[in-house]
Amino acid sequence: MSEPSPKNPAPAEDAESEPRPGRVRKPIGWSTIIIAALVAVSAALVWRRDGTDGVLDILTHDLSLFSGILPRVLAGCLLGAFISEILPHEKVSRSLGPKSGLTGLLIGTAFGAILPGGPFTAYPVASALLAVGADFGATIAMVVSWTLIGYGRAVAWEIPIMGTDFTLWRILISLPLPVLAGALGRFVYVRLYPKRESDEDAA
Amino acid sequence: MSAALFIDILLWGSVFGVGLIAFRRGPPVFKASLREGSMDFINIVPRIALGVIGSGYIAAIIPQEVITGWLGPDSGWLGVATAVVAGAATPGGPVIGFSIGTVALKSGGGVPQVVAYVVAWALFAFQRVILWEIPFMPARFVWFRCAVSVPFPFVAAAIAMVIGKP
């Protein structure tokens, strides 16, 4: 079905006019720098307010949180890597690409809704989908669906805290939103980057 | 606790499942994705570390009371707009977000406003965007996704106004 090309998951004729997202990662980008600056300022404010003890309290708490999260991050990365390897690229770009229409948005929505795990799976998998030919619209539908109608957070947190009635009602209201967000994303994307769209036509 | 265990089982079960599919495509495919996934993990760890450790400090300088205060009794569209800002600015994880929503409901906040708050929190909570979305996704996608999502807490509030309370 899919060609075994482990070294080069997206062949050149995929006609992507940008570096494959999610596969080419710079460890330090401008977002990282902004976040680091924000963290430094916040830590300084905490230090001024609570002294060294306050800074260390947060550090120990967050370090233990971090060590608990790490295995899940590894699982998420592996899940993303396996999925991008086993999904046939032509099929993904046909069913989730820019030309996939409403069906593509619905597939993205369904995928986001059934995806297991938390942010440590949703974002690596979304990134993998982008890398194998899904467009921004379908990926937005998937991410928004995961965050609004995915069962993971609802079962683990929302139902116990906010109650079943509110949660189910809130999810019902949210049902159309992933498709709408994906459609709006596609609508804006084609107008922002018209050239990329015509590149995709060649694929 | 059991929910966390359930999530972990489901998560590693899925990894195992797709790993098995990859393995049946042949050991080179399996090995390549294993290496790819591990490299992603190694590359992402410093950013996750910065996010997890850093967001604790950012959360510490945004007191919860500030957020709760923004979810005041204003019941109109201004209330919805404030709720959206409050949702994006809420520090911490789901416990804090949903607890603030519950407090707002119990203390007389309007239902459409609370819906807008919860939806905005789900879409934009800065801590999740910083900690998870930006490290894993191309930054261009993240900003685009956020910009495109802006209308939807308002849409959710509008639907809530039309169909009424739970």
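The backbone N, Cα and C atoms fix where each Cβ goes, and this holds for glycine too.
Those TrEMBL annotations? Automatic predictions, nothing curated.
Below 8 angstroms of C-beta separation, residues 29-30, 33-34 of the same chain, each at least six residues beyond the ends of the transmembrane segment (B:6-23), sit close to that stretch. Residues or ranges marked as transmembrane segment by TrEMBL: B:6-23 (among others).
Long-range contacts of the transmembrane segment (B:44-63) within its own chain (CB-CB distance under 8 A, at least 6 residues past either end) are made by residues 89, 91-92, 126-127, 130-132, 134-136. What TrEMBL records for B:44-63 (among others) is transmembrane segment.
Long-range contacts of the transmembrane segment (B:75-98) within the same chain: residues 55, 58-59, 62, 64, 67, 109-110, 112-114, 116-127, 153-154, 157, each at least 6 residues beyond the stretch ends and with a Cβ under 8 Å from a Cβ of the stretch. The transmembrane segment annotation in TrEMBL covers B:75-98 (among others).
Long-range Cβ contacts of the transmembrane segment (B:110-130) within its own chain (Cβ-Cβ under 8 Å, at least 6 residues beyond either end) map to 51, 54-55, 58-59, 71, 73-75, 79-80, 82-93, 97-98, 100-101, 104, 142, 146, 149, 152-154, 156-158, 160-161, 165-166. TrEMBL lists B:110-130 (among others) with the feature transmembrane segment.
What TrEMBL lists as transmembrane segment is B:142-163 (among others).
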